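Per Swiss-Prot, the features are:
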type    : residues               : note
BINDING : C60, C62, C75, C78     : Zn(2+) 1 binding site
BINDING : D449, D451, D453       : Mg(2+) binding site
BINDING : C777, C851, C858, C861 : Zn(2+) 2 binding site
Amino acid sequence: MKEIKDFEKIKIKIASPDQIRNWSYGEVKKSETINYRTLRPEKDGLFCERIFGTTKEWECYCGKFKSIRYKGIICDRCNVEVTHFKVRRERMGHIELAAPVAHIWYYKYIPSRIGLLLDITASSLNSILYYEKYVVIEPGDTDLKKMQLLNEDEYIEARERYGMSFNASMGAEAIKTLLENLDLDELSSKLRIQMIDKDDKTDKKLLRRLEIIENFKVSGNKPEWMIMEVLPVIPPEIRPMVQLDGGRFATSDLNDLYRRVINRNNRLRKLLLLNAPEIIVRNEKRMLQESVDSLFDNSHKRKVVKGSSSRPLKSLSDALKGKQGRFRQNLLGKRVDYSGRSVIVVGPELKLHQCGLPAKMALELFKPFVIRRLIESEAVFNIKRAKNLIEQEVDEVWQILDFVIKEHPILLNRAPTLHRLGIQAFEPVLVEGKAIKLHPLVCHAYNADFDGDQMAVHVPLTPSAQAESWALMLSTNNLLNPANGHPIVFPSQDIVLGLYYLTMEKKNIVGEGKKFLNFSNVILAINNRSLDYNASIYVKIDGEYKKTTAGRVIFNEALPKGIEFVNKTLSDLELQILISKVYVVHGSSTVIEMLDIIKELGFKYATKFGCTISMSDIIVPDEKKTYIDRANKEIAKIQNDYAKGVITGEERYNNVVSVWLKTNEELTNKMMEILKKDRDGFNVIYMMADSGARGSRNQIRQLAGMRGLMAKTSGDIIELPIISNFKEGLSVIEFFISTNGARKGLADTALKTADAGYLTRRLVDIAQDVVVRIEDCGTINGIKVETVKNGEEILESLKEKAVGSYSIERIKNPITGEIVLDANEEISEAKIELLEKIGIEKLVIRSVLTCEAEHGVCQKCYGRDFSKNKPVNIGEAVGIIAAQSIGQPGTQLTMRTFHIGGVAQAGSEDDKISLKNAFILNSIEGFNVNVDNGILFTRKGTLKIINVFYEEKIKNIKEIKVLDSQRVIKGIPLFVNKKGVEILSSYIGYAKLRDDKFLIVSEEQEVALKAGTKLEIGVGDYVESGKVIGTFDPFAEPIIAEVKGKIKFKDIILGTTLKEEINTETGNVEKRITDNVFESLDPRIFIIDSSGMEVASYVLPGDAYLQVEDGQNINIGDVIAKLSKGSEKTQDITGGLPRVNDLFETRIPKNLTEMAKVSGIVQFKSIQKGKRLINILDEYGVEHKHYIPAGKHLLVRDGDVVKAGDMLCDGRINPHDVLEILGGISLQEFLLAEIQDVYRKQGVSINDKHIGVIIKQMMKKVKIVAVGDTNFVYGQKVDKHTFYEQNRKVIEQGGEPAIASPILIGVTKTSLNIDSFISAASFQETTKVLTDASIAGKIDDLRGLKENVVIGHLIPTGTGMGLYKKIKVSENIDAKV
């Protein structure tokens, strides 16, 4: 039997008048609701029983028929059908309108749909509908034009002049006639011709008109249906009227709105019968139009209709819109029965899969199950008696409850549920009291603590729901974080401290240096008090004695069998690494066993350690005063430079901040060093921080070092630091400065949490229909991944980037030629290690970004599911997981400022350049000049170097086994030394013989240098690691003379382009180029040689400080002008979250850079309209124009050679430019890198594939640039797959395909343009989405998750996938056991 649920698609259309009459069970003629005496509905009123059905079950209105046996009979007296009262939720009525009215959605919303069809403006349309102007419908043979508007006087004049030879009218009747007369086919072809004539310049209005006309044609809707003759009346149960205690009635606002419509309609009908004067009728029609507008969308009107308490009435649209609307409040978020909530407390005695459930709560939740068992066990014979027993709480009830909850999982949820681990299943254990007990190790997944947090309990009822809870949601099946595959169930705080204490080593204590044959002897010695936990001992393990400690023996003895001996001090990170390792090697069951052991041990030894903290544990370094004095001296020097005018105010500020940051860092290092040595490393504060149990280096710095610099509310750093720490106590001024940061922290947290929540919501909306649908899409495209480095520091290894993905190409060992990795093979941890060993640093892998699956993604392109560490299953909702993985840390990061209490965090800039590895300088690129003792870079430059990994003097070598410049990989023989030992390589690189040394060096690498860098080494030099090779000014960018000569100013005019400011602090005159832009003036400096020739020209950007005078003689390398860097801002995620928002919304940055559109030679041209024209001459001699706002600091000079995509001036990159100039793949890489950068800076690890899923959705659409023989419109934005499908059909028929270019759309816009109108409507702009969908007659295929939740289907992922719906379970009787 087919149920109403068995449908696969939903279509939305505009209802025709006949359709509305068809739905209706009768016309509502009166505005009455119910009779005040009988409290029964009035006949023909808004609650009429004849129309909407009976209010009493199986009884007619007059009471003639009273029983289910008369079902379906219509009473001959009152005409009410004998039926179920629930029909009052389904039956609709209608109102026949005395005059047509326009639907507000189609005429008032911008762009006005009726206006677009008829090509009239919204204001003109309003004036027609509200009976202010006439519109000419048929001009006949007069001078009037069709669609011309006439006011009253013009109309009277035209009537006198032309008589009845033309037709003009007003109101919705006129618009209806115009819409009926439209020929859509003719209009469509006319507009298409206009579009082609316009060529490149797409007219948005034309495009919109064409789209709306095509939508009407395809959907079968008629334009005149946007004008209503019949108004549907929704069922009365949906707009109920209920009696309150005081005898008064509360009614839905809709009833008031309907009453206004009916009253006005009836009055209009009467006026028409009486042939009332036109002006009165017209006014009544206008009021009818207004009342219908209010009914459909009251909040959209300029004058809102208000109820008795002067509150705006809630119309039909308002019931759908917003957070409290039908979609978000009732369809997507429902209240759940069989649920409860209570405070949580810690349950250290629980196993990982258990939770403690208060007995009282359990009894209430499992009541029906208990009742059933009571009846089955014949303790009682009816439900009423069973309920009584339960209320009395007899012993039998508790026994049955124990039996019922055994192996019946319950779900625990903590709000806010930021990712899927916010709901997990546990087996309940009955506990006394009223609090839920939670296992301490799952707190991290819930982000729960025990300071009053509450949690909700839900009971899965059906066997299938219980099975899913056991198999998929049990806490022991959720050990890994879906965002990155790291363990999410790991010990913290007390447990960590206990294990750290247990596994630490201490000198000179009982039992030190003893030897033991086995573990049990060690434990015996400890129990006899002849051995201390932290004593260093020797134990026989696998046949040989190993140096370890007694505590480590206890730890290893407790671990499950088969785990390698752990011989180190365990901090929280070490424990996480151990858990990961055990998971990979031994699987989840061993990890679960191990986690409970770790928990027991941790709590036990934390208790035994019983650490306390006192003032004497906080040690302030004696060197503090020295450091502070030194900083003050440096600052005095900076102030002195500023007073002399050597540096600008901004540079002074930046330098001061930098000095304090450096001093604070040095002091902290010293403090940590002292704490580490204190009590042999057993200083409690140091132990807490070092183990990762509580507190951080940053917090200890404030206790024992100095509090440091604070941030202002604006994010600027206050240059006066707090020199005291909390042990010494703060002075009044220091305390005052502190309050600023502390308040900022709290305010930020509150505001940003909402922001991050909204980001998650948008991401979920855009990605909710991305599900793994097929095994392999068969693509041959992939993306290139390599190690992410910052200088020489590895930020993300190749392993992190590529593990769990599938390869695109086959990779062979460069030396043996054997296949290491085949195409389409999963890249496992072992494979990565093999690849790294043979020196492979770049890989091309399959990625969600290049997946060609029509809907969702395929298994191979997605790769590994990180929550299981296995290839992803078909049916996994990877879109939602991606959105949660990105949004969840967003919310976490907003909390960061809170804990440090507003202490400023910014990198202190170093003015010296040194590299970690030793290296050889191969070559120098970029403009540079020789100055005394070095090379000065006048513009940005690059050093090409090779790093030296290994060196050995040739005199120590007997025989070299490799050739010069030969590639070497790990494990191959390099040479035989003088002792005859063969030395194997532990590095990947190239062998190099240089002078008297044998080296292993890297491939050539680039080191970028800033303008103004002075280099102290030369080409070919061998430089030791850590040696300073050059210096630069980190806070200013200089413009440097590249030739010798005399300065000549051009367009530098005081008061116009030059501003002289007297510095009030120093009394010096500072000359600054203004930001004002003048067409004719282009401030620049020429250098003139001895013959009077101009040999160099330098453009001066706005805000540049001049360092020279007109006519001054200058040498090579002198600074002409300099630009100060903006003052340091504190970098916390408050900078980061808005950045992520901007990237996902693809907003154009404020301070925009201009990118070179092509590769070629730069040519400077004039300034036009405040913008400097720069041409780039490409290889074919074609000029490409670039306009850059004058006053911007240019990064190129006349004659420079640039590559496409190079930045021409400073500023932020616009992602849309990246797409246009460098293409889709570069854009994907750019967005991925930018978003990852924000999260990485905060130490948050998110796998690339999650961000990839979102970016893929943002690039789903293409823009048509050539129509060909398809039905597309020029400039239209269509889905990629729709585009390919249409083209395929056209090519098959021998036609010309369309051409499109890729576009990038932000997440909000993408969510609104999603294929499913139900999903889009439930996101934002509900009424707009539904308006457009109804015109287009859209069909929702119910592919995504949201639309299925809204209509009450199972979601089409996992066990709810279509694949599994048709599976029938058959019993095979003959099956052999």
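Backbone N, Cα and C atoms are what each Cβ position is placed from, and that goes for glycine too.
Feature annotations (Swiss-Prot) mapped to structure.
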residue	record	DSSP (3 states)
C62	Zn(2+) 1 binding site	coil
C75	Zn(2+) 1 binding site	coil
D449	Mg(2+) binding site	coil
C777	Zn(2+) 2 binding site	coil
C851	Zn(2+) 2 binding site	coil
C858	Zn(2+) 2 binding site	strand
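D451 (Mg(2+) binding site) sits 65 Å from C75 (Zn(2+) 1 binding site), taking the CA atoms of both as reference points.
Cα of C861 (Zn(2+) 2 binding site) to Cα of C62 (Zn(2+) 1 binding site): a distance of 69 Å.
C78 (Zn(2+) 1 binding site) sits 65 Å from D449 (Mg(2+) binding site), taking the CA atoms of both as reference points. Here the binding-site residues are D451, D453, and the one ringed by the most other CB atoms within 10 angstroms is D453. Ranking the binding-site residues C75, C851 by the number of CB atoms within 10 A of their own CB puts C851 at the top.
Within the group of binding-site residues (C60, C62, C78, C858, C861), the Cβ with the highest number of other Cβ atoms inside 10 Å belongs to C861.
Same-chain residues with CB within 8 A of the center of the C777, C851, C858, C861 CB atoms, the Zn(2+) 2 site residues themselves not counted, are I774, D776, T779, R846, V848, T850, E852, A853, V857, Q859, K860, Y862.
In terms of C-alpha distance, the listed binding-site residues D449, D453, C777, C851, C858 place D453 closest to C62 (Zn(2+) 1 binding site). Cβ neighbour count for C777 (Zn(2+) 2 binding site) (all protein chains, 10 Å cutoff from its Cβ): 18.
It is 39 Å from the Cα atom of C858 (Zn(2+) 2 binding site) to that of D449 (Mg(2+) binding site).
Compute the center of the Cβ atoms of C60, C62, C75, C78, which mark the site for Zn(2+) 1; besides them, the chain residues with Cβ within 8 Å of that center are Y61, G63, K64, F65, D76, R77, N79, V80. In this structure the alpha carbons, written CA, of C75 (Zn(2+) 1 binding site) and D449 (Mg(2+) binding site) are 65 Å apart. The CA atom of C851 (Zn(2+) 2 binding site) is located 41 Å away from the CA atom of D449 (Mg(2+) binding site). Between the CA atoms of D449 (Mg(2+) binding site) and C60 (Zn(2+) 1 binding site) there is a gap of 60 Å. Shown in sequence order, I344, A448, F450, G452 are the same-chain residues outside D449, D451, D453 whose Cβ sits within 8 Å of the Cβ centre of the Mg(2+) site. Taking only the Cα positions, the spacing between D453 (Mg(2+) binding site) and C777 (Zn(2+) 2 binding site) is 46 angstrom.
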